[in-house]
Amino acid sequence: MPVVLWKNIVVFITISTSFVICFCDYVNHEDNLDIPAIAKYFTTKGRYEEVNPYLIKDILAVNTSILQLPSAQCQPFHLTAIIRHGTRYPTSKNAKKMQKLYELVMSRASGKESWLREIKSQWRMWYTEDMDGRLVQKGVEDHKHLAIRLSKLFPSLISEEKLRGGFIKFMTSSKHRCVNSTLSFKAGLTELWAITDKEFDHAVNDALMRFFDHCTKFVQEVDQNPTALSEVVKFRQGPEMRRVTEKIADRLRVPYNTINDDMAEAAFYLCAYEFAIKTVNSPWCQLFDEVDAQVMEYANDLKQFWKRGYGYDINSKASCILFHDVFSRLNKAADENKSDQQVTEAVTVQVGHAETLLPLLTLLGFFKNNGSITSTNYATQTQRSFRTSHMLPYAANLLLVLYDCGAGDLRLQALLNEKPVTFPGLSDQQASMPRYEDVKENYRELLQGCDFETECQLFKSPA
């Protein structure tokens with residue numbers, strides 16, 4: 001597939017209204033009434049700040065002590081960053097669902113609650129189908145701020161000198177929200193260093209950043225297979241979701257049969273989008289309490305588990321092409337470093353989707369539960385590690401950093417959303433920043449196999 005090079009362009013984004021790791025220390029919502037009490041359950045529609053609450057007070061804050069270097073001698077020499085696009089508008093499909101709910105509430109809901117009066121008298125449906133997932137201003141800021149924070153976290157790698165010298169490479173999915181996120185990341189750096197005399201290319205590469213579209217087996221057996229998500233369908237028709245829809249109907253004083261699982265999802269998304277895009281604690285959020293939000297989160301986690309995660313082997317194997325691309329680059333940087341050569345690609349920034357990151361995280365073995373999450377084990381999964389609210393907010397990022405710790409001792413550190421994660425399958429002593437050779441040994445079977453063309457064939461030839 002051809003790779004397309006683009007120059008920086010000026011992007012104007014208008015909005016039609018004004019504007020395992022420890023996931024500890026969530027925001028105390030009682031202290032900040034602008035934050036919905038259910039914000040930490042917004043799954044892939046959540047803000048990055050809910051994963052890293054310290055950013056609410058200072059969006060450029062970094063804590064270099066999290067890097068936990070084995071010795072002061074360790075120096076980073078390569079960084080690969082795989083990043084989800086920033087905050088976006090709803091897709092056309094979700095905008096339609098939200099419009100349908102809004103019409104129902106306006107025509108049939110009754111009651112004297114202040115939040116309902118606000119919806120009916122002040123709130124107006126402003127989401128339109130033509131927004132179709134485009135990046136919003138908050139999404140521009142997500143990537144600008146991330147770029148600045150990473151330059152503070154890794155100043156020897158993400159530097160003006162490296163950028164001007166061509167040692168920082170950029171790659172993106174062709175989707176407008178990803179291209180504009182890439183432009184925003186670059187703008188974060190060029191504005192930081194007041195660079196006005198030079199532009200920096202980026203490559204559009206869907207073969208890597210949208211591999212899921214090109215994997216025939218995944219497309220036919222999972223993505224377009226109506227039975228592949230049967231566990232999701234069963235849960236959405238089950239008792240937990242029924243309680244949520246009935247409570248929403250009670251709050252709106254409408255018949256139970258007017259609120260189905262799609263309507264509940266639309267209401268949840270209205271709350272989530274209003275907060276992510278405009279930082280507003282919307283009256284739509286009053287349709288849910290924390291128990292309801294946990295059910296809604298689980299329904300989406302189920303979908304991600306079975307469509308992009310551990311549910312089917314092909315979900316992760318579809319990312320083999322990206323996996324090999326990453327390790328090929330790491331190997332090249334390691335070889336150049338060992339030979340005392342200039343590392344030609346000090347930093348690689350690759351911008352894609354939640355659907356890019358989750359299969360790769362799954363292939364690497366992160367956030368694997370004991371057993372599957374299903375339609376019937378909700379009650380036992382409250383402490384599950386597979387939780388997309390923590391893993392995949394807007395601008396979610398996986399960082400892989402190579403260090404030279406002297407005497408040929410190369411180490412690899414993984415960070416998810418700017419927090420260290422331990423490589424599955426390695427001992428506790430090694431896992432936070434293991435020897436690079438140990439990481440490669442850990443993934444030896446994947447490195448020797450995991451061939452995209454072979455894995456993605458609908459019918460594999462017998463060995």
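The backbone N, Cα and C atoms fix where each Cβ goes, glycine too.
Feature list (source: TrEMBL):
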DISULFID  C74-C405  disulfide bond
DISULFID  C271-C285  disulfide bond
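Within 10 Å of the Cβ of C405 (disulfide bond) there are 17 other Cβ atoms, across all protein chains. Annotation: C271 carries the greatest number of neighbouring Cβ atoms among the disulfide-bonded residues C74, C271, C285 [cut-off 10 Å, Cβ to Cβ]. Comparing C285 (disulfide bond) with C405 (disulfide bond), their Cα atoms are 50 Å apart once rounded.
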